[in-house]
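One structure below.
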Amino acid sequence: FCVQVIERNADPETMLLTFIRRKLGLTGTKLGCSEGGCGACTVMMSKFDPHSNRIIHQAINACLAPLCSLHHCAITTVEGIGSVGSKLHPVQERIAKAHGSQCGFCTPGLVMSMYTLLRKRPQPSMQDIEDAFQGNLCRCTGYRPIMEGFRTFTKCFLLCHNQLLTTFSEDSADSVQPLFDPEEFLPLDPTQDIIFPPELMTLSKEPVVSLRFRGERVLWVQPSSLTELLELKAAYPEARLVVGNTEVGIEMKFKNQLYPVILSPTNVQELRNIQFTENGMECGAAVTLAELGEVLREEVEKLPNYRTEIFQAVLEQLRWFAGRQIRNVAAVGGNIMTASPISDLNPVFMAAGCKLTLVSKEGKRVVKMDEKFFTGYRKTILRSEEILLSIEIPYTKKGQYFSAFKQSPRREDDIATVTCGMNVVFGEGSNTVQDIKLSYGGMAPVTLLATDTCRQLIGRQWGEDLMEDACSLLAEEMSLSPSAPGGMVAYRRTLTISLFFKFFLTVQRKLAQEVRVQKQSDYESATELFHQDPPTGAQIYQAVPPGQSADDVVGRPMMHLSALKQATGEAVYCDDIPHYENELYLALVTSTKAHAHIISIETAEAMAVPGVVAFISAKDIPGSNKTGPVVSDETVFADNKVTCVGHIIGAVVADTQAHAQRAAKAVKISYEELQPVIVSIQVAAVIHDLDWILGEIHIGGQEHFYLETNCALAVPRGEDGEMELLVSTQAATKTQTAAAKALGVPASHVVCRVKRMGGGFGGKESRSTILCCLLKCKSLCFSQSFSEPHHAQIRNYSVRKMNLYQQGGITPFNQSLEQFTIDRCWDECITISDFSQRRARVELYNKQHRWTKRGLSIIPTKFGISFTATFLNQAGALVHIYTDGSVLITHGGTEMGQGLHTKMIQIASRTLEIPTSKIHISETSTNTVPNTSPTAASASSDLNGMAIYNACQTLLQRLKPYKTSKPKGNWEDWVTAAYFDRVNLSANGFYRTPDLGYSFETNSGRPFNYFTYGVTASEVEIDCLTGSHKNLHTSIVMDVGKSLNPALDIGQVEGAFMQGVGLFTLEELRYSPQGYLYTRGPGMYKIPAFGDIPTQLKVSLLRDAPNERAIFSSKAVGEPPLFLAASIFYAIKDAISAARAESGLSGPFRLDSPATPERIRNACQDKFTKLCPPPEAGTYTPWDMRV
C-alpha cells in the first residue's frame, strides 16, 4: 500500500525514523544505535531524477535522514512490502524460512537492504549481496543463514545450492534432509513491487523551488540555485552544508553540537554535476559516494589501465567506506570538508594532487589539495563564506603508479587506524623516481604529506636501497607522541612503513612487467588486494527416526515461530508498544567522573527546555535507593558520591524523547574529585600493595551489544501502588522485585511482562532492572565466557588428544564425568575438517609466502550446565486448555531470540500429542508464573521444558478417562467432554533439577547437572604487514544430545561462535586513565560483520548421543559454543609463529586476547617493527588503558 504524507511543519531536528515510528506508527523499522552503524533502521528511499530520467532506489539509515531532506521522495518500510496476514515478500519469507532471524531486531533492516538491492538488480551476485550488507549488523545468527537464504536470489544458485544447503546424516542415505527447502519459496516477481508514485514523478519534473523549515532551535533552508546558496552562506557564514547528515547528525546527537542554520544544497545542480575533461573527472561536491563509485567504475572499464590508477585507488577506498546506506547519501564534498584526520579519501585526493574549486558570493578560486589545505584539526583554508563547489580527480599517465590503503580493526564499515594514498611517477621507460607523494591519515590532527621523505627519494632508482631508506625516513618523519589520541602508537607508526612496503612491492611488480626489474615471487601475496570467496557451509544433524509422526516436531528443523512476524516488522518489541495517553519519556543524567563527591546539581537550564516535566534523583525514590541483582550493593541513583563514569545521578522526564535527552545534557553537576581512580587490576594492585601470583593472562571484556538497547515502559495502575512494567529483560522476577523495592510496595503489586527481547546475551539479566520502572537506558555491562583449552599450545595433536578427559574422569571440583563424548567430537572434527591434509597445506603455503601466513588450531570445550546458585535451578509453567481445543502456555523463561518459546511449544506438542498450530505462547509475566529464574546459564530449555512437560502430564491424566471412553474421538471432543464434566483444564507445572549442590568449603557435591561438549578446528590467514586476518575455515562438532530443534541449535552454535570470534579477535573495551569508555556504540566498538564469517563453515551436531538428564534427551546449547572461537585465536597465534620464524624468532611469545590487528602486527616482529619501538612504560600517560 502507498500513503501520501504531507508534513507542513517539519522540524529540522526530526529524523525520518522518529517520524515514521512516532507519528505514522510504523514501528517495523527499528531504533538501534541511532548513528547509522547497525542498519536496524534501514528503509528504501526512492526518487525521480529528471536529469537522468530514471527512478533511483537507495537503502538509507532512517535514524540519520532528516525529515526535511525527503521532499518529493517515496519511503518504503518493511511493512510496505508484505505482511503475515496478507502476502509475504520473497525476501521476508526466505530470511525467515532459512532460519536467518533469531531475536529479529535486525531483521527488518536486513530485509530492506536486500529488497532495495533486488529493486536495482533482480538477479544479484553474491558480491552484490555482501556489499549491500556492509552497513547491517546481527549479533544472534552468526550471519551464515542470512546469506544462505538470500543466496537463493543469485544467478548461480541453481548450479551450487545442492552443495551449499544440503544437510545430511551419517546414519542412512535415506535420512538426507535440508534445513529448509528452496523449492517452497515464493518466486521473485518484480511486477508485484510497489510502483513509484506518479504524482511524485510529475512534481519532480516541475521547476525547483526553495524550501525553508524552522524548528524549535534550527532553521533548514534548501536553496534552488547556486546564487541563492552563496547568498545564504554570506548571510549565515557559520551555517553548515548538509547532504547526507552522516557527520552533522552524529555531532548534534552525541557531541552536543548545535547548528542554528543548516543549508541543504542537494537541489543545486552545479554541485551535482559530473563531467570529464582532458585532465580527469570533475565531480560536484554534493555528488554522493555511491554515485562517484558508479561513474568511476564505468570509466575504469572503458579506459586503459594506466589512465585510471587514481580512479582504481578511490574505488578501493570506497569499497570499505562505511556501509552502503551511508555511501548512498554521504557526499564527496562532505568527506573533504569534514577534514577528519582519519578520512579514507583525503589522503588519496592529497597524494593525487586533486584540485578543488571554491566559490563564494565574491567569486571563484581553484586550490590544490596539498599539505597546506588542512590548517588544523577539522579545519581547512576555506573562508567562512566559501563553499566547495567541485573536485577534479586527475587521470594518470604511463610511468605513474598509484595505490591507496586503509587499515582498520574491522574491514567492513570501520574507521581507519591508518589510511594512505601513494603516488609515484617515473621517467619514461625507467625506474628513476621523477616525483612521489606519500599522504597519510591517522598520524596527526590533519592529513599529512611525508614531504621530507618524498624529497629525498626523488631522482633515485626504485629498488631495495630506496625502500630501506624510505622506511627509515618514514619512521623518523611519521612520529607520534606516546600519548597521542587513538593510542596504538607503535602500531600506527609501523603501519606507515608497512603500507609503503606494500606500495613498493606493488610498483616493483608493475615495473617488472614494463621495464624488467627483478621481483621476489614469495612477496607476491603482500601486493594482493583483499579478496575473500563467498562463504559456504554444511550443517550436519541427526534425522528423526523412521516412523515418527509428522505432527511430532521434536527433532525437526522447525522455523522460529516469530520469524515471519520479525521479517515483516509485525513482531512487537518493548519500544513498539502503542503510545499511552500522556506518556512521558525519561533520559538519564550520568557522571562524567570516575570517583567524586557530588557538590551540586543545577537543573534550571534543563527545566527550561520545552516539555520537561521533572528532574528526579535519589531523594525522589519512594522506597529504597539500594538495588542489585543478588546483593543490594548498587544504587538506583548516585547519592552524594559517584564511583564510575556513567554512574546514574538523576533523570529528566519530558513529553518527548528529544526534549528529555536535550534537557539531560543541560543538567550541570559540580564535583569534588577523589583519589584514587582505579581503572584496572594493575592499578588496584599497586594502590593496595597486593601480592602477585607468578604469571598472568589477559582476556579482554566484551559488550553484549544487543541491537535493542535496554527498554522499559511503566504503567501506573492508579490504586494500591500497583505498577505494570513492560520490559526487555531476561529476569522478570528480578525486575519485579527491584521495582517493588524502589517503589516501596510489595512485589505482589508489581507485574512484569516480557513479550520478547531484541537480544540479551546475559546483559539484560541484571542491567535492565536498575531503572526498569522508569524508562530507557543503555547498558555498559561486561561479559566474559571462558573455559580451559587443554594444552592449547602443544602442536602434536595426538598428544593433546591423550591429555583430554576420559569417561569417569574427575574434574577439579570433584565431579565425575558421565556420558562423556569429547573424544567422539574430537575424532569427527579431525575428519570433517580434513585436519591432517589441511596442516600439510598450511605448511606448504607458509613456505611459499613471506608476508602472509596461515595457521591452524583445534580446540575442545567442556561447559557445565546449571546455575551454580543451586536455588535458581527451578522453573514453573502454567498451561491452559480452552474449550475450542487451543492451548495457551506461560512459563518462566523469556524469548530473546534463541527460540525458547518455539522449543517449549514443540515439547508441549509432543507431550499433548497435538499439532503446534493449536498451541500459543503470548508472553512471560510474573502474575502467571511467579518467582522465575532468569533466562540464563543456558539452562532455560531444560528447566522450563520439564515444567511444561509436568503440567501437560497433569492435564493428560485429567483427560485420560475421556480418551479411553472415546478412543476414536479427537482432541476437541475430549476437551469438550472434560469441560462439560467440570474438569479443571488448567494446570501448573514445576521442576527442580535433582541431585544438585556443591560445597566450596569441602570441594564436594554436584555443581552441574551435566556437561555440553564440543570441538572446533579453524584455519586463518594473517597479513604480517598489517595484522589483518581472514577466517578461512571452521569445522564445529557439538554434542547437544538429541536436538529438540536442529535448525535452532545450529543457529545457536553459529551465533555463539561468531560472538566468540568477536571476543577473541575484534571486540575491545578501551578506557581512558580517568575511567571514560571510548568504545561506545558501533562507531567505535566493532562486533563481527558479514565479512568475518569463515569462508568455509561446517557445523555438525553429534549423532547418537542422548542425554538422560534433560528433557527428551536434549542438551543445552546457548553459551557453550562461544569458547570454541578460541580456535581462531590459536590459529592466529600459529600463523604468527610461522611469521616470527621468518625473522629468526622462536620460542614462546605473548599474545593477549583479543588478537586485534595491532597485536598481530606487533607480534610479527621484523625489520619494520624494529624501526618503531614502543614507548617505554611509565614515561608517559597513555591515551587508553588495558582493563
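The backbone N, Cα and C atoms fix where each Cβ goes, and this holds for glycine too.
Copied over from TrEMBL:
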DOMAIN    1-81  domain '2Fe-2S ferredoxin-type'
BINDING   Cys33, Cys38, Cys41, Cys63  [2Fe-2S] cluster 1 binding site
BINDING   Cys103, Cys106, Cys138, Cys140  [2Fe-2S] cluster 2 binding site
DOMAIN    213-398  domain 'FAD-binding PCMH-type'
BINDING   Leu241, Val242, Val243, Gly244, Asn245, Thr246, Glu247, Val248, Phe321, Asp344, Leu388, Lys406  FAD binding site
BINDING   Gln730, Phe761  Mo-molybdopterin binding site
BINDING   Glu765  substrate binding site
| field | For Val243 (FAD binding site), the one of Cys38, Cys63, Cys103, Cys138 that lies nearest, given that the binding-site residues are compared by Cα | value | Cys63
| said: Counting only residues 6+ away in sequence within the same chain, which have a CB under 8 Å from the CB of the residue listed as 'substrate binding site'? | reply: Pro629, Thr729, Gln730, Ala731, Lys734, Pro934, Thr935, Ala936
| message | Suppose we draw a 10 Å sphere around the Cβ of Leu241 (FAD binding site). How many other Cβ atoms does it contain, all chains included? | response | 23
| task | Only counting partners 6 or more residues apart, tell me which same-chain residues put their Cβ under 8 Å from the Cβ of Leu388 (FAD binding site). | result | Ala285, Gly333, Ile336, Met337, Leu356, Thr357, Leu358, Leu382
| query | Taking the Cα atoms as reference points, how far is Cys103 ([2Fe-2S] cluster 2 binding site) from Phe761 (Mo-molybdopterin binding site) in Å? | reply | 11
| task | Identify all same-chain residues not among Cys33, Cys38, Cys41, Cys63 whose C-beta atom falls within 8 angstroms of the centroid of the [2Fe-2S] cluster 1 site's C-beta atoms; report them in sequence order. | result | Leu17, Lys30, Leu31, Gly32, Ser34, Glu35, Gly36, Gly37, Gly39, Ala40, Asn61, Gly109
| request: Take every residue in the domain 'FAD-binding PCMH-type' (213-398), average their pLDDT values, and give the whole-number result. | output: 97
| task | Note down the number of other Cβ atoms within 10 Å of the Cβ of Cys33 ([2Fe-2S] cluster 1 binding site), including every protein chain shown. | result | 22
| said: Spatially, which candidate from the binding-site residues Cys33, Cys63, Cys138, Cys140, Phe761 is nearest to Glu247 (FAD binding site), comparing Cα atoms? | reply: Cys63
| remark: the domain '2Fe-2S ferredoxin-type' (1-81) resolves under DSSP into 15 helix, 21 strand, 45 coil
| note | If we take the Cα of Cys138 ([2Fe-2S] cluster 2 binding site) and draw a 10 Å sphere, the binding-site residues of Cys33, Cys38, Cys41, Cys63, Asn245 inside it are Cys38
| query | For the binding-site residues listed here, Cys63, Cys103, which shows the highest count of neighbouring CB atoms within 10 A? | reply | Cys103
| note | Near [2Fe-2S] cluster 2: residues not in Cys103, Cys106, Cys138, Cys140 with Cβ within 8 Å of the site Cβ centroid are Ser101, Gln102, Gly104, Phe105, Thr107, Arg139, Thr141, Leu707, Gly758, Gly759, Gly897
| request: Tell me, in order along the sequence, which binding-site residues from Cys33, Cys38, Cys41, Cys63, Asn245, Phe321 have their CA within 10 Å of Cys106 ([2Fe-2S] cluster 2 binding site). | output: Cys38, Cys41
| request: Could you state the whole-number distance in Å separating the C-alpha atoms of Cys140 ([2Fe-2S] cluster 2 binding site) and Cys33 ([2Fe-2S] cluster 1 binding site)? | output: 16
| task | Ten-angstrom check, please: count other Cβ atoms within 10 Å of the Cβ of Gln730 (Mo-molybdopterin binding site), all chains counted. | result | 28
